[in-house]
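J.: Pasting the relevant annotations from TrEMBL:
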- 11-18, 58-62, 122-125: GTP binding site (BINDING)
- 3-172: domain 'Era-type G' (DOMAIN)
- 203-280: domain 'KH type-2' (DOMAIN)
- 11-18: region 'G1' (REGION)
- 37-41: region 'G2' (REGION)
- 58-61: region 'G3' (REGION)
- 122-125: region 'G4' (REGION)
Amino acid sequence: MTRAGFVALIGEPNAGKSTLTNRMVGAKVSIVTHKVQTTRARIRGVALEGDAQIVFVDTPGLFRPRRRLDRAMVAAAWGGAADADVTVLLVEAHRGITEGVERILEGLEGIGKGRIVALAINKIDKVQSEKLLSLTKDLNDRYDFAETFMISAEKGHGTEHLKQWLAERLPEGPWLYPEDQIADLPMRMIAAEMTREKLTIRLHQELPYQMTVETENWEERKDGSARIDQIIYVMRDGHKGIVLGNKGETIKSVSKAAREEIEEFLGRRVHLFLQVKVRPNWLEEAERYSEMGLNFKDGNK
Ligand SMILES: Nc1nc2c(ncn2[C@@H]2O[C@H](COP(=O)(O)OP(=O)(O)OP(=O)(O)O)[C@@H](O)[C@H]2O)c(=O)[nH]1
Ligand SMILES: [Mg+2]
């Protein structure tokens with residue numbers, strides 16, 4: 001008998017949810033940066049473990065939202081946990097129980113008892129092992145976790161064990177996706193995310209949080225390659241200059257890095273064209289949210 005189900009990964013921004021998703025899937029389906037609030041919507045990555053198909057739901061980090069976009073992101077994250085068969089809370093080993101973690105624990109009480117919630121202490125490569133025991137105890141005193149795992153999503157420590165445990169917790173039933181499917185996100189969105197990742201890594205301060213990337217056009221060519229046109233929306237004229245960079249250097253290197261990654265994902269040649277548009281109010285436009293895979297109304301106060 002096969003098993004299948006959803007496993008939501010939740011936690012503070014930067015906890016390593018997307019890194020863990022990619023590790024479990026064995027391919028990069030969700031973008032990763034060293035900055036907080038990288039993931040903006042729910043990203044589904046599909047992994048196989050024996051007879052089980054585990055659909056990992058990577059979610060935006062949970063934080064105190066200020067803007068409409070923040071509220072929509074946080075709503076998407078909690079929604080992911082509410083719909084999942086199993087939820088895994090990621091906590092960073094070296095940061096321990098922060099205020100943010102405290103608030104997530106309170107939120108977990110709210111999404112209902114009787115749910116399977118596991119704890120994964122991530123980034124164990126960053127701390128001495130003695131610290132982990134007391135952190136495990138403190139967290140389990142605050143919430144009744146079904147199990148605690150100590151992992152390094154980046155290095156792959158403990159992740160196989162976690163995967164096996166999760167597979168055993170899923171309900172019996174047919175697989176939800178074809179055997180060879182690894183992601184459930186339109187290709188145009190994956191391609192836009194890859195460009196946003198490269199931009200986020202290059203840009204500083206608030207700029208990554210004030211831009212969005214959309215695939216506007218996707219054209220299959222006879223020679224097997226694809227022409228992809230994307231728009232980078234920014235909020236101010238000055239931002240446009242920064243994204244372009246001196247003599248267009250920044251956008252050129254972003255475009256090259258993004259193209260290479262999209263090509264690797266697709267396994268064929270890509271011609272990527274990026275255009276920067278100033279759109280002061282994009283954070284309040286419903287269409288931008290649906291393009292991101294978010295619900296605009298979730299951002300209502
Ligand atoms: N040292 C170490 N770094 C890690 C580990 N897992 C993730 N990271 C790093 O932590 C940073 C954040 O990782 P992400 O996977 O983007 O974190 P996230 O939880 O998805 O973040 P948001 O999408 O912003 O909520 C990246 O720089 C990762 O390389 C780990 O096990 N050890
Ligand atoms: Mg993420």
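Positions of Cβ are set from backbone N, Cα and C atoms, glycine also.
Curation does not apply to TrEMBL; its annotations are automatic.
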J.: Where the criterion is a Cβ under 6 Å from an atom of ligand 2, which of the binding-site residues Gly11, Lys17, Thr59, Ile124 meet it?
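T.: Once distances to ligand 2 are taken from each Cβ, Lys17 fall under 6 Å.
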J.: If you average pLDDT over the region 'G4' (122-125), what do you get?
T.: 98
J.: Looking at the stretches 11-18, 37-41, 58-61, which one shares the most CB pairs under 8 Å with the region 'G4' (122-125)?
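T.: If we count Cβ pairs closer than 8 Å to the region 'G4' (122-125), 11-18 scores highest.
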J.: For ligand 1, which among the binding-site residues Thr59, Leu62, Ile124 have a CB under 6 Å from it?
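T.: The qualifying binding-site residues: none of them.
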J.: List, by number or range, the same-chain residues at least 6 past the region 'G1' (11-18) whose CB is under 8 A from its CB atoms?
T.: 30-32, 34-39, 43, 58-63, 89-92, 95, 98, 100-101, 104, 122-123, 153-154
J.: Same chain only, sequence gap of 6 or more: which residues have a CB within under 8 Å of the CB of Leu62 (GTP binding site)?
T.: Ile10, Gly11, Glu12, Pro13, Val74, Ala77, Trp78, Gly100, Arg103, Ile104, Gly107
J.: Go through the chain and flag residues at least 6 beyond the ends of the region 'G3' (58-61) whose CB is under 8 A from any CB in it; none is fine as an answer.
T.: 8-15, 17-18, 20-21, 29-30, 36-37, 39-45, 73-74, 76-77, 80-81
J.: DSSP three-state call for Gly11 (GTP binding site): helix, strand or coil?
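T.: It is in a strand.
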J.: Can you tell which of the binding-site residues (Asn14, Thr59) has the fewest other C-beta atoms within 10 angstroms of its C-beta?
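T.: Per-residue Cβ counts within 10 Å for the binding-site residues Asn14, Thr59 bottom out at Asn14.
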J.: Any idea what DSSP makes of Ile124 (GTP binding site), helix, strand or coil?
T.: helix
J.: Look at the binding-site residues Lys17, Ile124 and tell me which residue has the greatest number of other C-beta atoms within 10 angstroms of its C-beta.
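T.: Output for this query is Lys17.
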J.: State the three-class DSSP label for Leu62 (GTP binding site), counting H, G and I as helix, E and B as strand, and everything else as coil.
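T.: Assignment for Leu62 (GTP binding site) reads coil.
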J.: Run through the domain 'KH type-2' (203-280) and tell me, per DSSP, how many residues are helix, strand and coil.
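T.: Secondary-structure composition of the domain 'KH type-2' (203-280): 33 helix, 27 strand, 18 coil.
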